[in-house]
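Student: Copying in the features that TrEMBL gives for the protein in this structure:
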- B:81-99: transmembrane segment (TRANSMEM)
- B:140-160: transmembrane segment (TRANSMEM)
- B:172-190: transmembrane segment (TRANSMEM)
- B:222-246: transmembrane segment (TRANSMEM)
- B:252-272: transmembrane segment (TRANSMEM)
- B:303-325: domain 'DUF5808' (DOMAIN)
- B:328-351: transmembrane segment (TRANSMEM)
Amino acid sequence: MILELDTASAVPIYVQLRNQIVMGIGRGELKNGENLPTVRQLAHDAGINAMTVNKAYGILREEGFIEIDRRHGARVAARADRKGIYRERLEEELELLAAESRARGIEKEDFLSMCGQVFDQLFLTREVAER
Amino acid sequence: MMLDIILGITLSFVLLCFWGTGRSAVHASDHMVLSMRLPSECREEPEVNMVIRQYKRAMNWMLAVGAAGIFLVCSATDWEIVLMFAWIVALLISYGRIYQTYVGKMYRLKMERGWTIGKTHFTILVDTVLSGDKDQQLPAWQWGLLPVILEAVALGIYLVNPGVFVEEGLGRWGISILEVLVFTALLLIMRQLFIKKRNKVYSESSEENLKLNRFEKRGFSILAYGVSAAASLGLLGGILAGLAGFWNLGLILTNGVGGLSLAAAILGFYLLQRNMNRLVSEVPRQTLVDEDYYWRKGYYCNPNDPAYLVTKRTGVGMEMNMAHKGPAIIVTAFTAAVLIFVFWLAAVPVIRLQGTDFTMEEKNGVVEILSPSYPSSFSLDQVEKWKMVETGSLKGRRTNGLGTGSYSIGHFSSDQMGKGMWYIHRKSPETLLIYLKDGTHIAINQKTEEGTETLLRQLEEWLPQRDS
């Protein structure tokens, strides 16, 4: 999987890293059990501080997306570990998104249609990648 | 005269190298012109051609002045070596300034016209499969021990038999050995630095990225190990040949194989770069990041790239990433070391010779020859005979010393007279030749005829009962 980081972005690099890896898992580009580079290797190839990579990996581990093992390094966790607390957070974030959309004049049907398109696009990308 | 010819040929070759390097900067390989990537449709833009024309004009002027400088250097008498190095330094500085100026112009033109290719330089791409590939199928670092072992053996043999090599001109052997040692050390260090460069993303396919990165790193490793092993083998063979009495063969092996190894390294690196460019151009769906921003000063300066060494964009070879302190220190230290070494080797003896002359002093039967370089001594008991000869009749090969059109100082070897120490002003008409009982000789004179006569009288005073 190709990670793309933007050093000019206002979004911190560790957040970009975290988001990219999550996107990769969601699209199926990073499979369950797939190894990720070690902190040192990723920091070296990205030209960033190892602490930044460490922070990103730490967040991913807390969120249940990856496992870190001394022997095998970091790898993508199985799907079952991820659902847990995330549903609650998802509901909170959706509540905010829905409220903001309504406040800006986007109706429910439009909102749901957009969510569906984004979700489909994610899986379309995955299918293309698998092909 | 011979020195002038050799100097002229050497400097002409150096000028040719500058011409070749300058010319390669405007060849649009991989859309590259003056270190800048341009879309192919923009290559024929009038502004682009104008910058190229201005660059070529400046380079031609530099080369013309450089060519005129060759005549100046060759026609100098005492100061040829110093002038030669000053000429090279001046050429390097001029070339650097011209290159940086026009690379900067091309970059500004590119930015004004919005000719960015691919993603901006703020983008960092990382292939997780590539990064996670710990092995990368490189030759084991232990192969680098082979040249080290060969050189250790060669050096050991040399140091255990110093007397044998001293007789044959220690300086020649010493310099040859030093050259090979430095050459192989540089190659091995470069290899270690090169394989640590970050993996580059060429496409969305991890398979392609793996193939290209492995090709480059593996190719460079094999080249570095192979060439340094060959140079070390040549050195060991030369030392053994020398010990067996085949001195000329020994020096040919040491210097010849070393020289061929250097040529092989340059050619090998050129072929590696060319094949790499070809493989990259064949990659379907290339992923490009426009890094011209980091090359806009005429040299590579990227603080986001941890690599110290990167492949040059023009010409053949590598260059340092000047964004880091390490390369800046290395370049500064290396330049300072070369300048100091050249000054010590070439300028100091000349400066000292301007103010003094060759003299002899006798104490307790031992004569000390006082010279700015290569002083020596001999015992009066060792003197077999002496005579005055015409300076022009003295012909020999320098084995360890200094020689210009004005003077010859140090160890020389002549077919008629054998080995000896020379302290000769070439323009002085006569030279005092002293033959020693061990088969060697001393040739000494002063700047003036009267001075040389004084040396003769001194010697005759010290050896009053003997005839010449």
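Heads up, the Cβ atoms here are built off N, Cα and C, so glycines get one too.
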Student: Which listed stretch (B:81-99, B:172-190, B:222-246) has the most C-beta pairs under 8 A with the transmembrane segment (B:140-160)?
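Tutor: Looking only at B:81-99, B:172-190, B:222-246, the most contacts with the transmembrane segment (B:140-160) come from B:222-246.
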Student: Limited to the domain 'DUF5808' (B:303-325), I'd like the whole-number average of pLDDT.
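Tutor: Averaged over the domain 'DUF5808' (B:303-325), per-residue pLDDT gives 84.
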Student: Sequence-remote contacts (6 or more beyond its ends) of the transmembrane segment (B:222-246), Cβ cut-off under 8 Å?
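Tutor: Residues 139, 143-144, 146-148, 150-151, 153-154, 157-158, 161, 164-165, 168, 173, 176-177, 180, 183-184, 187-188, 190-191, 194, 252-258, 260-262, 264-265, 268-269, 272.
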Student: What same-chain residues lie close to the domain 'DUF5808' (B:303-325): Cβ under 8 Å, and 6 or more beyond its ends?
Tutor: 20-21, 24-25, 32, 34-35, 124, 190, 193-194, 196-198, 266, 269-270, 273, 276, 294-295, 331
Student: By DSSP assignment, list the helix, strand and coil residue numbers for the domain 'DUF5808' (B:303-325), in that order.
Tutor: 1 helix, 6 strand, 16 coil
